[in-house]
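Copied from TrEMBL, the annotated features are:
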type	residues	note
DISULFID	CYS146-CYS178	disulfide bond
BINDING	THR303	Ca(2+) binding site
Amino acid sequence: SGIGRNWPWASGGSSILAEFGTLHLEFVHLSHLSGNPVFAEKVMNIRKVLNRLDKPEGLYPNYLNPSSGQWGQHHVSIGGLGDSFYEYLLKAWLMSDKTDEDGKKMYYDAVQAIETHLIRKSSGGLTYIAEWKGGLLEHKMGHLTCFAGGMFALGADGAPSDKTGHHIELGAEIARTCHESYDRTRMKLGPEAFRFDGGVEAIATRQNEKYYILRPEVIETYMYMWRLTHDPKYRQWGWEAVEALEKHCRVGGGYSGIRDVYKNHEIHDDVQQSFFLSETLKYLYLLFSEDDLLPFEHWVFNTEAHPLPVLHKDDGNKEENQK
């Protein structure tokens, strides 16, 4: 119909941060391919609006009203509804061959706010990223949030010089917490969300959070941590996931999600999600490949793990000379 529509549940028909904030890479690439700058201009305009807006504690809420241009409910998540926006600030800078200074500044400012207000350590020593609801923390971390370990490590190189090691360490700690969420289940596959309250750590306590739908985020973080540190435990943890997938998710027609990863026997949901092929298996393949397969200096992965080329500064000059 050509008419835009938002989900009625999204804070009064608001737009969702992960949707309108997760277009930079594709649209910049489209401008590069077509030679038409309009695509990149559209997404950079969204970013300018976000940059100017007053942000609660420096955090980006998940909802923005497209009519008023104001934030909806002050819910903040580095998992579902928010996740890929942060990843794209960093990757827009990387894809621009580190020339997109606005993207870089917005990313490191956001990470600073996340560290101050969302990242906590459990009594058992596990670092996790909580969710923020109107100033109150919910001590829950979603499987989707587990991508952030890889993001922190990938961004370590551009962090202020005294923070590089800290960002790698933060990535490693998130990777360990997410591995624990897998290791503490019967099936060695992580739940959709896990909690740090009421005496539990890295365990799902609610029935509607105990499922695993072949998600890639934990393996994605293992792949980045392996590439950036070459610590063999990340390959070991990845192989544990391979064995669990083969044992519990493999079915006659492919692979299926599991309804409860804490049970002794599998109850399959009979769905093979599309991201299982585009992300889970691809990140596993890259985890066990040499670093020169899709090397980070030449490629960035969008939020669904599709590789997009870094637009090197000298590429434009080469094209001009060829003309």
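Placement of Cβ uses the backbone N, Cα and C atoms for every residue, glycine included.
Across the structure, CYS178 (disulfide bond) and THR303 (Ca(2+) binding site) place their CA atoms 19 angstrom apart. Of all the Cβ atoms in the protein chains shown, 31 others lie within 10 Å of the Cβ of CYS146 (disulfide bond). When the recorded positions CYS178, THR303 are scored by other C-beta atoms within 10 Å, CYS178 scores highest. Here the CA atom of THR303 (Ca(2+) binding site) lies 13 Å from the CA atom of CYS146 (disulfide bond).
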